[in-house]
Amino acid sequence: MERSEAYGFSAAMSGAFLLSCLLFAAINRRQRGPYMDEAFHVPQAQAYCHGRFLQWDPMITTLPGLYLVSVGVVKPAAWLFGWMGSVVCSVGMLRFINLLFSAGNFYLLYLLLLKIHLKNKAVSAFQRILSTLTLAVFPTLYFFTFLYYTDPGSVFFTLFAYLMCLYGNHKTSALLGFCGFMFRQTNIVWTVFCAGNVVAGKLNEAWKTELQKKKDEKIFSKKGSFSDLIRILQFLIKYFISPKNLVTLTALTWPYIILVTAFFVFVFINGGIVVGDRSSHEACLHFPQLFYFLSFTVFFSFPHLLTPAKIRKFLLSLRKHPVQYSLIAVVSLFLIWKYTYVHKYLLADNRHYTFYVWRKVFQRHELVKYVLVPVYIFAGWSFADMLKSKSIFWILMYFVCLLAVTVPQKLLEFRYFILPFLIYRLNIPFPSLYRQLLELAFYIVVNAVTFYFFLNRTFQWPNSDEIQRFMW
């Protein structure tokens, strides 16, 4: 990092943290007590603070990573600064843990952008810092920086594991992946993603060697044709039936294999992936979740995906491949018809934005969910088009992980989309400076509106005296 870039990055990170501290103080003045899921997380962390490590709230569905880290930070700080009484492990103090995670995420996002786009000399230091700032204030993640939720810590350890994987420190990556798993069990998918990065790299090397032997570079350059798909499948079968290749991959990914094996042992002993309230978190094949994620991605990446050039390119692709798109549309309609689920929380809790999205869009008419299929197809095409700079094996690996982390979820919850979105956004090519500025401005506006509603547009339920607030 050059000195000017280091100064610019330090200024951006310090400024963002200072503004976050001011916003943090405003939120804690307005909402002093636990809110929403904090009603479960805060008492559990406070029990750990008082040494009651065997106490457990059965309504909590995640492992105790957040509470263990909180106690590990707050207790030494209390001893160092002489804090006593109610200030130790208070709601505000516990929330501050996530503000620290947010600063860590800022730094990790910068390092990941630097590593992933290392070979792109056209990217300026200003663009890297600007993209880092934009991703650091990504609305769905940034909001939960100010509440005691698992999301900032979950993102921190997962991004850290991904960074270590890219640098080849796989034992460290697996250890950090375990920490991420302790925050949210579904993060095991991103451990598989890290292992998949290694496998995809080896596959890509072998594929290029194969092409060199055949002296047929067109096979590698023509992505997307049916004949290419057949060749790739044949190559994969040939590669994975080789004992030598399997031994090589195992030697490279054994830390991840151990962690994934431990995960399956945990699921077997626990009787499921959820540790607490299982009745409200049942796994199912909710394929439309993939469509919701793609729409979510288009919404938050519209400066890159909703451009006239992109739309023209999509229409041209549509005209050239009508049979393929017709087949995709039919399959999408079938998946929506057979596999759409509506969670009871989605219909009952009017504090979440998803409640209004469902009511204002999907509940207008029973045919709306089918009418949106063209939107989903465009979203999927533009999503894939932005990843075309990655190898076909990386794309396949990412898509498998995306399916694994979204489809089993019955509840439509935007927080579940944070990590797949960030990993996608980190890996797409750097957009123009204009589009980066537009993206940052859009995120700032969305955050401003979100915090305005949360702080000022409160309401009450008829059967309760508690103040309710709108949130993601």
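Each Cβ is built from the backbone N, Cα and C atoms, and glycine gets one as well.
TrEMBL lists 6-27 (among others) with the feature transmembrane segment. Within its own chain, the transmembrane segment (6-27) has Cβ neighbours under 8 Å at 95-96, 99, 102-103, 106-107, 110, 125-126, 129, 132-133, 136-137, 145-147, 451, 454-455, counting only residues six or more beyond its boundaries.
For 65-84 (among others), the entry in TrEMBL reads transmembrane segment.
What TrEMBL lists as transmembrane segment is 96-117 (among others).
According to TrEMBL, the feature transmembrane segment maps to 129-149 (among others). Beyond the transmembrane segment (129-149), the same-chain residues lying 6 or more positions past its ends with a Cβ under 8 Å from any Cβ of the stretch are 5, 8-9, 12, 16, 20, 23-24, 27-28, 34-38, 41-42, 45, 66, 91, 94-95, 97-99, 101-102, 105-106, 109-110, 113, 155, 300, 414-415, 417-418, 421-422, 425-426, 430, 433, 436-437, 439-440, 443-444, 446-447, 450-451, 454, 471-472.
Positions annotated as transmembrane segment by TrEMBL: 155-183 (among others). Within its own chain, the transmembrane segment (155-183) is flanked in space by residues 62-66, 68, 101, 104-105, 108-109, 111-112, 115-116, 141, 190-191, 193-194, 197-198, 252-253, 255-256, 258-259, 262-263, 418-419, 422-423, which lie at least six positions past its ends and keep a Cβ under 8 Å from the stretch.
Taken from TrEMBL, the feature transmembrane segment applies to 246-269 (among others).
According to TrEMBL, the transmembrane segment annotation covers 289-306 (among others).
The transmembrane segment feature in TrEMBL is assigned to 327-347 (among others). Distant neighbours of the transmembrane segment (327-347): 280, 284-288, 291, 354-355, 358, 369-370, 373-374, 376-377, 380, 410-412; these residues of the same chain sit at least 6 beyond its ends, with a Cβ under 8 Å from one of its Cβ atoms.
Residues or ranges marked as transmembrane segment in TrEMBL: 367-384 (among others).
The feature transmembrane segment is assigned by TrEMBL to 391-408 (among others).
Sequence annotations record features per position, and here TrEMBL assigns transmembrane segment to 437-455 (among others). For the transmembrane segment (437-455), the list of distant contacts is 23, 26-27, 30, 130, 133-134, 137-139, 142-143, 300-304, 431, 469-472: same-chain residues at least six beyond its ends, Cβ to Cβ under 8 Å.
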